[in-house]
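A.B. asks: Below are the structure tokens for one structure; questions will follow.
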Amino acid sequence: MVLCFPLLLLLLVLWGPVCPLHAWPKRLTKAHWFEIQHIQPSPLQCNRAMSGINNYAQHCKHQNTFLHDSFQNVAAVCDLLSIVCKNRRHNCHQSSKPVNMTDCRLTSGKYPQCRYSAAAQYKFFIVACDPPQKSDPPYKLVPVHLDSIL
């Protein structure tokens, strides 16, 4: 039993760095973090748009997609028929029409000098939705994850 405690402590220390880098900042709700990462009604240049996201995680995110629509319109997708997500949960919803979006991909640099290329797209999207938390907008469901682009 004495050997177990140091082993457990070692496992906890080693586990720390493998926490997902895409985890949302705990001071934000998942819906607010989704909005920061993926909602951009008017297109911005990727280097500028990504700097706000990268400042939260203190690293260069490799790829990110911005939907050029309002949070309200994306949240309305949560009211559509639910489908199976990539993670096999049943809380995903597909947009009924394509939207303009920008795909930003890291091309060079180390944080905070991250450099991105941009690709404009017009596609359907799938979002995962959950019930809102207290400080979220008062919708029945709110988007919390951009599951895929079609």
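Quick reminder: no glycine exception, Cβ is built from N, Cα and C everywhere.
Note that the structure is a prediction, hence the values are computed from the model and not measured.
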A.B. asks: Going by Swiss-Prot, tell me which one of Cys78, Cys92 is disulfide-bonded to Cys85.
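C.D. replies: Swiss-Prot says the disulfide from Cys85 goes to Cys92.
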A.B. asks: Is Lys86 (substrate binding site) helix, strand or coil when read with DSSP?
C.D. replies: coil
A.B. asks: Pairwise over Lys61, His62, Gln63, Asn64, Thr65, Lys86, Arg105, annotated as binding substrate, what's the top Cα to Cα distance to the nearest Å?
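C.D. replies: Value for the max Cα separation, rounded to a whole number: 21 Å.
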A.B. asks: If I take the Cα of His38 (active site, proton acceptor) as reference, which of the recorded positions Cys46, Thr65, Lys86, Cys114, Cys129 has the closest Cα?
C.D. replies: Thr65
A.B. asks: Consider the recorded positions Cys46, Cys85, Cys114, Cys129, His145 and say which one has the Cα lying nearest the Cα of His62 (substrate binding site).
C.D. replies: Cys114
A.B. asks: Sort the recorded positions Asn64, Thr65, His145 by C-alpha distance from Cys78 (disulfide bond) and give me just the closest.
C.D. replies: His145
A.B. asks: If you measure C-alpha to C-alpha, which of Gln63, Lys86, His145 (recorded positions) come within 10 angstroms of Cys129 (disulfide bond)?
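C.D. replies: Near Cys129 (disulfide bond) by Cα: His145.
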